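First comes the structure, then the notes that go with it.
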Amino acid sequence: MLFDKYGRSLQKLRYVVNDECNYNCVFCHFEGQSRRQGRYLTAEDYGFVTSVFKSLGVADFKITGGEPLLRGDIDLIVANIAKTGAYVTLTTNGYLLRKWVRKLQAAGLKRANVSIHTTDPEKYSKITGVPPSAFREVLRGLTEARDVGISLKLNAVVLRGINTDRDSVKNLVKLAASLGAALQFIELMPSGWGASVFNELYEPIETLVNIIFELGGRPAGVRKELHNRPLYNIAGVTVELIKNFSNPTFCSGCTTMRLTSDGKLKTCIYADSSVDLMPYIKSRDVEGLLYAVRTALARREPRFKLYSSS
């Protein structure tokens, strides 16, 4: 296993497999990359990269986008990652989940993280920029994913005045319970489109803690291997709180890097710099790829620190 100069291990890799999306969420951070990247990595490329990162001790690989289910070969991407023995998950808005779910399950997908934010179709439309009817299609996809045995986690970005009241939280917990899903609340990030709405919609994650207790929730530990996320349990539903803004504790527990759709390795979603892995991937140059990964890791800096020399 590799460690950066702050002692943080590299355990997880996020694959940003495309930059197209069929939604227009008001806060989209684009996974820290610019739009319209150019040529994409192939399904076979992802298999190669996964095998190399696994040799470094990385075991957890997450597919994201854009909207990854827009890729016509998404099942092949999952299959090429999974055949290495890696644990593979996928983040999606869920609209196309029903179309793909059986192929994804057969390919080896272990879990789908579905961004849903609210159980109110009108609010859902306001957040995502799609018709309210899309919400029902997402629910159908979630139900089918549950039925074929794919583990589920619901994502909800915390948005002031939209989903920060008691009823909104309660309804999301209820939905998660009906699906046997976990639920995670994510602080709004001042990145991508999120920067333009940050002052209007940002609500500290701590606001939800009081609501969680009101709903009978209890502390259930901390995910030290992933951003030191606090966990709660509400009537059997695991709830994670992701405080990613101005939080050194979050950064100190970060064990993740991300590979953009055009083959650039980013050490932090907030960072502009990256290391280009594409030449080594396309030439199947294992030693070159290992060197490039170590170079990126040596440059890795937490976005938020307890102490700064600047």
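Heads up, the Cβ atoms here are built off N, Cα and C, so glycines get one too.
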Would you identify which residue of Arg14, Arg39, Arg136 Swiss-Prot lists as part of the GTP site it also attributes to Lys62, Thr91, Lys153? Arg14
Within 8 Å of the Cβ centroid of Arg14, Lys62, Thr91, Lys153, the other same-chain residues by Cβ around the recorded GTP site are Ile63, Thr64, Thr89, Leu90, Asn113
Check the Cα-Cα distances from Cys251 ([4Fe-4S] cluster 2 binding site) to the binding-site residues Arg14, Cys25, Cys28, Gly66 and tell me which is shortest. Arg14
At the level of the C-alpha atoms, what whole-angstrom distance separates Cys254 ([4Fe-4S] cluster 2 binding site) and Cys21 ([4Fe-4S] cluster 1 binding site)? 26
If we check Cα distances from Cys268 ([4Fe-4S] cluster 2 binding site), which of the binding-site residues Arg14, Cys28, Gly66, Ser115, Lys153 wins as closest? Arg14
Those residues of the chain, 6+ apart, with a Cβ under 8 Å from that of Cys21 ([4Fe-4S] cluster 1 binding site): Cys28, Gly65, Gly66, Glu67, Leu70, Asn93
Reduce the DSSP letter at Cys25 ([4Fe-4S] cluster 1 binding site) to three states and note it down. coil
Rounded to a whole number, how many Å is the Cα of Arg14 (GTP binding site) away from the Cα of Cys25 ([4Fe-4S] cluster 1 binding site)? 20
